[in-house]
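What follows is a single structure, written as structure tokens, with notes after it.
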Amino acid sequence: MPAQGWLADTYGRRLHDLRISVTDRCNFRCIYCMPKDVFDKDYRFLQHSELLSFEEIERMVRLFIEHGVEKIRLTGGEPLLRKDIERLVEMLARLNTRDGKPLDLTLTTNGALLARKAQALKDAGLTRVTVSLDAIDDATFRRMNDVDFAVAEVLHGIEVAQRVGLAPLKINMVVKKGDNDDQIVPLARHFRNSGIILRFIEYMDVGVTNHWEMASVVPSAEVIRRLSAAFALEPLSANYAGETAERWRYADGAGEIGVISSVTQAFCHDCTRARLSTEGKLYLCLFATQGFDLRALLRGGASDLEVSNAIRTVWQARTDRYSELRASGTAPPTGRRIEMSYIGG
């Protein structure tokens, strides 16, 4: 149960993390997220006026902090495509938690623009960064991002980010059977002794455009089996309650890896994350079918108290645990799930 005064949902799960999508656009067309046959030249992305402004985002974050949020992650789409993203980072970096501590302010990126923006992001107050990287082999990486983008450019961005101090830097690899699962060991080998934490994520049924099927999932247990065949691994305890990754370290001290088993070992029971979409809708689950329109309140003249009360009401009524129900075979039929590119991963 959360500490006294923290906002909790129907299962006692505290509101602690807020993921904010700052754009629905991306310069990649990854096959599991924004497949090119759907997100083509005719796809209607949001207009700038539909996006939350930086001032609106800052106001929202202040209100979420009042309810106990301590960690903010900026996502997309690709967040580095949002013009002047450094200014938003600077605005949010000035804020403190309810306990007077600096916010844990992070960002997830595909790394394509990271080399040119890393220093400015660090100077603006970004704490650290997570990079999505689904292969170390260039041909495989180009096929996964489907825009013929070279892996060397992302690796350069990672090096620059690490050099300017956006650390500990994490890398997320979504593992899809038959597409990039042959990259598990090579990616691990590349980042051993680098100080970078590599995490392997089970391919998820987020949205409906990626044509997900269970047969394409490589279970985390299989990922660990393959890694253990190449390197001696030792389990690590969680850093904090509700951590999504199961942590492991190399026995020779070469670093840390993790697996995120969102399909085979769902962690809904201690999920503390809310998501704010690009146009200001509050989603309580990555697999949600609908959100609560907070932008309408902001632009309709609602007071901070009215918006804060809306956040409280929505979170306290939260019952979401889709992944646990999916795993047990009892997930009810749902409507059209929101796409990952709209609310971030």
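Glycine residues also receive a Cβ, built from the backbone N, Cα and C atoms like all the rest.
Marked as domain 'Radical SAM core' by Swiss-Prot: 10-234.
If you take the C-beta of A274 (GTP binding site) and look for same-chain residues 6 or more apart in sequence within under 8 angstroms, you find L15, D17, L18, R19, F64, V69, L282, Y283, L284, W315. Secondary structure at A274 (GTP binding site), taken from DSSP and collapsed to helix, strand or coil, is strand. According to Swiss-Prot, the feature GTP binding site maps to R19, R73, T108, K170, R273, A274, R275, an assignment based on sequence analysis.
As annotated by Swiss-Prot, [4Fe-4S] cluster 1 binding site applies to C26, C30, C33. In the three-state DSSP scheme, C33 ([4Fe-4S] cluster 1 binding site) falls into the coil class.
Residues or ranges marked as S-adenosyl-L-methionine binding site by Swiss-Prot: Y32, G77, S132, M204.
Positions annotated as [4Fe-4S] cluster 2 binding site by Swiss-Prot: C268, C271, C285.
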Average pLDDT across the domain 'Radical SAM core' (10-234), rounded to a whole number:
95
Entries of G77, S132, C285 which, being binding-site residues, have CA atoms within 10 angstroms of R275 (GTP binding site):
C285
Using Cα coordinates, what distance in whole Å links K170 (GTP binding site) and Y32 (S-adenosyl-L-methionine binding site)?
20
Can you name the binding-site residues among C26, T108, C271, R273 whose CA is within 10 A of the CA of S132 (S-adenosyl-L-methionine binding site)?
T108
